[in-house]
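Pulled from TrEMBL, these are the features on record:
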DOMAIN    A:20-524  domain 'Cytochrome oxidase subunit I profile'
TRANSMEM  A:51-76  transmembrane segment
TRANSMEM  A:96-117  transmembrane segment
TRANSMEM  A:147-166  transmembrane segment
TRANSMEM  A:186-210  transmembrane segment
TRANSMEM  A:230-253  transmembrane segment
TRANSMEM  A:265-285  transmembrane segment
TRANSMEM  A:305-326  transmembrane segment
TRANSMEM  A:347-367  transmembrane segment
TRANSMEM  A:387-407  transmembrane segment
TRANSMEM  A:419-440  transmembrane segment
TRANSMEM  A:475-498  transmembrane segment
TRANSMEM  A:529-551  transmembrane segment
Amino acid sequence: MTALFVDEYPAEARLVKAAFLSSFIAFGIGALFGIIQALHRTDIFRFIDSIKYYTVLTGHGVFLVIAFTIFFLVGLYQWAVTDSLERGSVDIRFTWLWYGLMAIGSLLAGISILAGFLDQPPMVLGSELRANVLFTFYAPLEANPLYYIGLALFLVGTWLAGIDWFRTWWAWRDENPGKRIPLRTFMVLTTMIMFFLGSIGVIVSILVFILPWSLEITESLNPLLTRTLFWFFGHMIVYFWLLPAYLLWYSVLPKLSGGRLFSDPLARVVFILFVLLSTPVGIHHQYMDPGIAEGFKFIAMTNTMFLLLPSFLTAFTVVASMEHGARQRGGEGRFNWLRALPWRNPAFTGMALAGLIFAFGGFTGIVNAGMNINYLVHNALWIPGHIHAQVGTATALTLMAGSYWLVPQLTGNRLVGRQVALFQVVLWFVGIVFMTNSMFRAGLVGVPRRTAEPQYQGFDYDVGVGSMGELNAQLALGGTLLFISAMLFLVLMLLTVFNNDSEPIVDGTLPPALSGPEDSPQVLDNLRLWFGIAFALVVLAYALPLAGIAAQSGLFGQDIQPFPVSSEAVIYFQFGLEYVGAFVT
Amino acid sequence: MGSRVSREIGHDEYDPWGTLSLIVVYFVALTLMWLFTYFVEFVGNTPTVMGMIVPVMLG
Amino acid sequence: MRIHQYEKLWIVGAMILIVGFIVTITYGSVGLGITMIGDEEETIAPDELNDDEQFGEPRVEQVGENEYAAYVVAQTFIFQPDPIEIPANNEITFHVTSRDVIHGFYVPGTNINAMAIPGQVAELTVEFDEPGEHGLICHEYCGSGHHTMEGLIVVQPEDEFDLTELSAETPDTVTSGEQVQLNATVENGQLEPLETTVDAEIGDQTFQQNITVDGNSTQDVTFTAESTQLGVGEHDWTVTVDDYEETGSVEVVSNETAAAEGGEES
């Protein structure tokens, strides 16, 4: 057994722990908001105003898919780079700088969201402090400028993190001329290239259009343009959530299974495909949008379908790596080897169940990506079903399972409650099956997403099999199980952190792949080349649609007024009455 | 937490036919689910947005 | 690169799946004729909607044989018009825009699904085969009252559907001895001429007139009653055309009263 990560790289371990701490705090708040929604929208238990539901919903989105996932990512990636290059950061102060920016950014955004619970929010930067705009912040809904500033700082911090890892790699390359990039570092670097490229959209959207407009520096904006720039970023970001899980599946899961990664070259190919294809597909979130020609939608659809390829390849490589472990552990037969896997290990079981959900969730993603079939599911409850299967389980459950393996190495403490941990990951699996089953089916009968009260006056949903009551019960039950599971995880993490005077029983070494990097051509490591091709693909996919949108109604739109989402509904009715008045006269 | 390896299997002697079997099952499941969702759930969920027949203006 | 034979097999299988998905979707577009919302429509500034020929008065109109257009404005937190009445078995092209923030335009239980974006107009053509009522909801978060934003689409049997509008008026008071004129206006929003009968009642007198209103035009009809026959007092009147009815009342006042009132005024 080699030395623990915390003993070898104490400075980096501190940063990883700080990042995980931020991630887990966000996870706790996000999970709490999740159960509030599950009970509220099904009308099983409502203790907040439906207006405040949207504050909860904004918090649920931002705390979970921005803070929880990305803080975990930067911690995990810091570990991956340090451990696989066997060297620390070039300058640890720079490392803390990006973490600090991310922390401040998420605090600002978080505070502006939580202020939405106040009946009389304070005035900040010339407007009420609130941000009931959800994590997609579609203009002309308007949040306090502080929310956008927070998001921008968070993004800048994430950029600097990427630059930091590149610096570490450059330093390593000078020390190790001619060596192949270690696989985990390769994954980190390609993920960050993808992020640099894809986040340009949202950075332009915030810094050029939305922030100046919310500060009343510019008077108008083009809502379709800011929306398109968001989705330029918005599909890349889902892979940014997912790739940390991929990194764990490729590097840690084979080892947990008792085997070795099946193919290092294919793992590299997979990450390169994500660099190339994860951005020029964003328009598939806008199939139902006017102002974008059908041809561009078709191109986005075909790109998205080819983006299935890296995930399909992953399915084979990762399952084959698990099977390798099972066979080495004595597994036999066509399917019987599955029984030889270490199902009592929570880290293994969590990741394996996450992968299983991902395989089905992937199918729902194909439906979302399927252009005309998107009419069936767009903005229906099916979509959050898909999100909760993918980021809410494939990613989140893998990260939790990975924590059971990694946190003891970061703290030097033994994991507390291994049996409970096993129960926790299985509970998450059961919870997500109930909840997403309800969401998929309810979505197919037309129940919309993103609403406090999907119960309407004028019509009833036509539920073919089962009933609305049964669907609601499943959703609430699933949500409750997930919440309990999340709390169990956090308690176990907390106890582990304070479990001093213990020796972790974990082996941090990762075995080499069965087919190593020497089996792949050197060109796979030519990151400049892949960046160049990816950039060209993005230009091809986005130049014309963006130019078209700007040409139709201008870069800054046609006098689009901001709509601050207040906790008071009154101003809306005033707007409404004004317009209705204009009709009558 | 030892992985209790009972035998070493190298790349060339390893034959992932269990994985291949699972992948075949997945292939079939995806195909069937896709056909059902597209042709039953979607195409049956009328009305659907259709191409407009452009009115021919006479005169 | 060293790739295992099974993995090569699966790469082929994966490509078959991917191409199969693309082929299915292309078949949906080309074979089944399912089109996507595109960029054909002109943009329109939200603050110019009131002056717009089409969105200034959100409505349903006939644009061709068996073809109707519905101009719909989404705004916090209503749809206009509401309800949207359309005929079954006809092509309906919805033109949807937003007056303020981004809204959704979604009919649960169908594939009618679009975004309403300020500045943009979504155009989607559908045909309902069966008469009935459908909920119309906003499925994009649009502010604090988002969950209350709903409308109704009423699909009427084709033969019962029309775009007829009836209005009618009389003076409030008529001096005894003068004629009571009831002016009715029948508007036909459809393209086919409307042949129908106008029935009217003023007090106990009844009238009937057959009219033909050309497509997309209006026709005025005037019914005249003698106030002396009606007598002094309040008289109810009714005009009916097909299923439409307008009612009101007219008061016949005696000469003396009229003179007295006139006297007071002067």
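A Cβ is built for glycine as well, from the same backbone N, Cα and C atoms used for every other residue.
Taking residue pairs at least 6 apart in sequence, the transmembrane segment (A:529-551) and the transmembrane segment (A:51-76) share fewer than three C-beta contacts under 8 angstroms.
Non-local neighbours of the transmembrane segment (A:419-440) in the same chain are 38, 344-346, 349-350, 353, 356-357, 361, 364, 381-382, 384-385, 388-389, 392-393, 396-397, 400-401, 404, 471-472, 474-475, 477-482, 484-486, 488-489, 492; each lies 6+ residues outside the stretch with a CB under 8 Å from one of its CB atoms. On the 0 to 100 pLDDT scale, the domain 'Cytochrome oxidase subunit I profile' (A:20-524) averages 96 in this prediction. Same-chain neighbours of the transmembrane segment (A:265-285): 183, 186-187, 190-191, 193-194, 197-198, 201, 228, 231-236, 238-239, 243, 246, 250, 292, 296-297, 299-301, 303-304, 306-307, 309-310, 313-314, 317, 368-369, 371, 374, 513, 515, 517, 519-520, 524-525, 530-531, 533-534, 537-538, 540-542, 545, counting only residues six or more beyond its ends whose CB sits under 8 Å from a CB of the stretch. Cβ atoms under 8 Å from those of the transmembrane segment (A:186-210) belong to residues 73, 77, 80-81, 137, 139, 148, 151-152, 155, 158-159, 161-162, 165-166, 169, 218, 221-222, 225-226, 228-237, 239-240, 243-244, 246-247, 250-251, 267-268, 271-272, 274-275, 278-279, 282, 525, 527, 530-531, 534-535, 538, 556 of the same chain, restricted to positions at least 6 beyond its ends. Remote same-chain partners of the transmembrane segment (A:387-407), defined as residues 6 or more beyond its termini with a Cβ less than 8 Å from a stretch Cβ, comprise 20, 23, 27, 64-65, 68-69, 72, 76, 79, 238, 241-242, 244-245, 248-249, 252, 256, 346-351, 353-355, 357-358, 360-362, 364-365, 415, 418, 421, 424-425, 428-429, 432, 435-436, 439, 489, 492-493, 496-497, 506. Of the two recorded stretches, the transmembrane segment (A:147-166) lies close to the transmembrane segment (A:96-117), with three or more CB pairs under 8 Å once pairs fewer than 6 apart in sequence are set aside.
Beyond its flanks by at least six residues, the transmembrane segment (A:96-117) meets 15, 18-19, 22, 26, 52, 54-55, 58-59, 62-63, 66-67, 70-71, 74, 124, 129-132, 143-144, 146-147, 149-161, 164, 567 of its own chain at Cβ-Cβ distances under 8 Å.
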